[in-house]
Each structure stands twice: as structure tokens, then as C-alpha cells.
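What Swiss-Prot annotates here:
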type	residues	note
MOD_RES	S22	phosphoserine
MOD_RES	Y23	phosphotyrosine
MOD_RES	S25	phosphoserine
REGION	26-50	region 'Disordered'
MOD_RES	S33	phosphoserine
COMPBIAS	34-50	compositional bias 'Polar residues'
MOD_RES	T35	phosphothreonine
MOD_RES	S44	phosphoserine
MOD_RES	T45	phosphothreonine
MOD_RES	S51	phosphoserine
MOD_RES	S53	phosphoserine
MOD_RES	T54	phosphothreonine
TRANSMEM	131-151	transmembrane segment
TRANSMEM	161-181	transmembrane segment
TRANSMEM	187-207	transmembrane segment
TRANSMEM	247-267	transmembrane segment
TRANSMEM	273-293	transmembrane segment
TRANSMEM	400-420	transmembrane segment
TRANSMEM	430-450	transmembrane segment
TRANSMEM	475-495	transmembrane segment
TRANSMEM	510-530	transmembrane segment
TRANSMEM	541-561	transmembrane segment
MOD_RES	S594	phosphoserine
MOD_RES	T618	phosphothreonine
Amino acid sequence: MSSIEEQITKSDSDFIISEDQSYLSKEKKADGSATINTADEQSSTDELQKSMSTGVLVNGDLYPSPTEEELATLPRVCGTIPWKAFIIIIVELCERFAYYGLTVPFQNYMQFGPKDATPGALNLGESGADGLSNFFTFWCYVTPVGAALIADQFLGRYNTIVCSAVIYFIGILILTCTAIPSVIDAGKSMGGFVVSLIIIGLGTGGIKSNVSPLMAEQLPKIPPYVKTKKNGSKVIVDPVVTTSRAYMIFYWSINVGSLSVLATTSLESTKGFVYAYLLPLCVFVIPLIILAVSKRFYKHTPPSGSIFVRVGQVFFLAAQNKFNLEKTKPSCTTTVGRVTLKDQWDDLFIDELKRALRACKTFLFYPIYWVCYGQMTNNLISQAGQMQTGNVSNDLFQAFDSIALIIFIPICDNIIYPLLRKYNIPFKPILRITLGFMFATASMIYAAVLQAKIYQRGPCYANFTDTCVSNDISVWIQIPAYVLIAFSEIFASITGLEFAFTKAPPSMKSIITALFLFTNAFGAILSICISSTAVNPKLTWMYTGIAVTAFIAGIMFWVCFHHYDAMEDEQNQLEFKRNDALTKKDVEKEVHDSYSMADESQYNLEKATAEEEIMKST
């Protein structure tokens, strides 16, 4: 580690970074004005920039920046994930507990009547239930876009999450009321059920588009640096790896929460739907309490207000220059009419916007992927109902997707990915997403083969009726389809979320994340379009068609975007350029905020020592 001795001063904030990299806050007079500790403010700022250019300041210690050779040869490791991020992850876990606990029983609730062999409520049939299920999925992934706009421009992420959580709770309460047996028997559940779907969709959309960006915002915003381990070996602490691990943990928590299906499906079959929906309602109280008491602990990106106006101005100016975004940079075009561009945005903002647009292009193929993923929530549940389930509910088997993810996410994060990084084997986002498409294809191929086997068995063969609902084939051989989908999520879904966040400008992270989630809505539309084929005996061909389409989409995705992997490191550096472009006040605030209030006594001691050194030097 290098040693430094710096003074940083400004009229409204002064800090001293001493040889051990601790800092001192500004002195204030009785009238509240600041005391200036040096006469040469500009010199101090220059010295700060010089020291930061040769190293990275982390918790008061200065670590060297990696050289080109070190970037190419040293293994990359994860940095520290702050506890604040884990609190937000707990909120997401509870929200997903509620969401999956509610939605997995939906298929039976919608498809069957209360007197059927598999009890339900609305008696819509498989095709009708699939249509309403796909509408709900579509709605849940449309609402994040509106919520993201509200968060980025008006309320901020945290406030949007709080409002959405309250709306969500109201929706679950209405849903629970529709499942009361007397309401079902009276045939009055349909209206309340549809209303609850709309309200729950609003709530989950507001949380979905903002909770992962809020979590990722709590991670340290520092460039890569070289750290020497206790055994003398060197590693690069890479924020990209830190972000990747945070999203792995985030997605892992989603699937821990989704195990609520084990409880709600059991309650559905033994106690009834009202108890299955009452459990998520009670659990959802936990995130409401957490959100109510934890606001002061988080880092908050304030709403940007005019960010979308600026983006519109950029696109308007680009359209006047043959859609060349380079021509919208202030360094290329100084004014438009009476507007000075440097007062509206800088060159770096244009580079960030170009990076975000590249990310959005990759989202275009995701609807095909979500069609594969969506089979797990409707048609695969119905497929399980055509098999021998014993005393196990057919909608319970979706839990094997979550179980597989809970097992294999830590294996990938702690064994496979570090091993690849250790030997400098590139496994960058586009390659991971392509692999996700291939696993989704494999899952649909397996489902198609299994459906053909079901049709070959009696007593129903392909002629299922109200009195003949299942063939003589064990449901347990359906598990590999869920496991293959789980692998596809590790590579396609997690990477997509991470890609959306890391490639978005700071003031647009919610909206870019929402646009990624919005691809789910298009997947739901495609699923609605093919829902007419989700009937016997066409299901084998439906799964086959989905598999072929997903395979072609995966190949085209790789062909179109594989060159993005070569640009990955360069694109990630834009985030740190933005940090380097912070004003001195922002830099000082970062240092000040990093100093724990618990160390106040040590701080006062260092302050007195530094003041004594200053007096000696003057």
C-alpha cells in the first residue's frame, strides 16, 4: 500500500487524509461558518486527484490500481457486500414468498370447479386458466415500467417500493377474501379475483423494478484494485464480481422465498384456498415493518426530475444528425439553438446512454426465453396433473425449480465461477445468456418427449376427460424439466438483471431494469398467442415448437451480440469514470460517510494529532 498525506478543503466541507488514510471533518465557528485549514484549495484538490489516480481508497487504505498485465493475469475476487444490501434482499425474499405462495395455486384455482377431482374455484378450464394466467404475467411485467418512471423521475426508489408494498398488501387481502368457501360456493369469486390480480400486479411491479437497483446501489462504487492476501498472492478485487455475487445472492433469496409453494399448496389441498392465501398475507407484514424502520440506513439516488427530458433532447438532436449519438456530445456540438449542451449533459452521459441502448438491444430476444420459462407456471403444472401424483399436489412440483436454484447458485458462485476466473477463462454476460437459452431449449425438448410418453400410456392416452384425468406414468420423472429451467435461469435471468443494472446510467437504473423485466410481458403475449395449442393432443407439438424457436433465438442472440463480450471491461469502466468526475464535495462526502460513527473517539484523537502536525508545518 502507498502512503499519502493530503489536505482537502472547501468552503462548505474540509477533510484531511493523513498518512494512515483517516480523515478529519471541517471545523465550524459558533455562527456555523466553516474554518478553512489551508490557503491553497486548488493544490489540495490536485494532490487528491493525483493520489487517487495511482490507487484506490478503500475504508481509509490506499490500494494500488491494477496494471494492464495484472488485469490480464491476476484472478478477480469479490469485494465486501454491505449489510444494508442484505436487508433489502430480505425484503425481496418476503415479497417473493408472498408472490409465489399466491400464484402457484392460481392454476388449480382458475382451471377447476369446487366439486372437481382436483378442487378449484372458477372452473375456467385449462385454456381459460392459461389465458388469465398469461394476462396476469403480462400485467406484472408491464407495471414495472410505469413504476420505474415514477421512481427515477419523481419519488425515488425507496419511496416507490414503500407505496407499492402497501398496494400489494391490499391486493392480497382482497384475494384472500375471494377464496372464502362461502364466496366460492356462491359463485362470486371471479370479480374480486380479477380486481386482486390487477392490484397485486401494480404492487409487485413497483417493487420488482426498484428493489434490485436499490440493493445494488448499496455496493461500494470503487474501481478494481490489487490486494495482497495473507499468503502473499495478489488478487484483483473487482466490483463487477461483487455486483455479480450480489445478484446471485439476490436471486437465491428469490428462490428461497418461492419455497412458500410447499406450504401454500399443502394448505390448498388440506385446508382450502383461503388458508393458502392467508399465509402470504401474514408474511408480507415483515417487509412492511422493515421498510418502515430502515430508510435512514440506505444510500439513495435522488429522483432525477428532467432525466427523460434530457434523453428526449439527445434523441431529437441525434435524429438531426442521422441518428449519430457521437454528434450529440458537447465536445462535438456546443450549442443547439440557444441551449449550451455542456449545461445539459456531458460526453460521459452520451457514452452511458449508448451503453444502455446496447443492453436494451440484447433484451429483444428475451421474450422467447420467457415463453420457455412460463411453461413452468401453467402447462407443466397441467402436465403433472396428467400423471400419477399419489398424494402430492400437481402444482407442488414447480418447487423443484427453486430447490435446484438454491443448490446450484452457490455452487456456481463459489466453485464454478471462481475456478474459471482463477484460470482466466472468460465467461462473460453474452456467453452466459446464450447458454441460458440452450438450457431452456433442453427443458422444452424434455417436456415434449415426456408429453409423448404420457400420450402413449393408458388409461386415458390422449383423451382426457372429467372422469379420466391421469395416465399410468409417475410424475417424478418430470423433475429434470424443472432442473433444466433452473440452470437456464442462472445463466440467462440472473445475468440479464445484472446486465441491465450495470449498463444503465445512474439516474436510469430502475427504468432499464424495468425494460428488461418488460420482456416478460412480451413473453406472456406470445404465450397467449399459442395458448390455443395448449390442449390435448397438441401439447407435444407445442413443446417441440417452443424448443425449436428457443434454440434458433439463442443462436441468433450469440451471432448478433457476441462482440459485446470483447467490450465488457471497457464498458464497465464508464461507471468509474462517472465516479472520477464527481465534484470534490462529492468525493469528500464519500470519505466522510465511510467513517463509522462508532469510531468517533478515534476520529477525535486523529483530528487533534493532525491539527498539531498542521501547526508545526506552518
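Quick reminder: no glycine exception, Cβ is built from N, Cα and C everywhere.
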Are there at least 3 C-beta pairs under 8 angstroms linking the transmembrane segment (131-151) and the transmembrane segment (510-530), leaving out pairs fewer than 6 apart in sequence? yes
Are there at least 3 C-beta pairs under 8 angstroms linking the transmembrane segment (430-450) and the transmembrane segment (541-561), leaving out pairs fewer than 6 apart in sequence? yes
Would you mind listing the long-range same-chain contacts of the transmembrane segment (187-207), meaning Cβ under 8 Å and 6+ residues beyond its ends? 92, 95, 99, 102, 109, 121-122, 132, 135-136, 139-147, 150-151, 160-161, 163-172, 174-175, 177-179
Which residues of the same chain, at least 6 past either end of the transmembrane segment (273-293), have a Cβ under 8 Å from a Cβ in it? 87, 90-91, 94-95, 97-99, 101-102, 105, 109, 121, 158, 161-162, 165-166, 168-169, 172-173, 175-176, 179-181, 184, 260, 263-265, 267
Cβ under 8 Å, sequence separation of at least 6 from the ends of the transmembrane segment (247-267): give me the contacting residues as numbers and ranges. 81, 86, 89-90, 92-102, 104-105, 212, 215-216, 275-277, 279-280, 283, 393, 395-396, 398-399, 401-403, 405-406, 409-410, 412-413, 489-490, 493-494, 497-498, 501
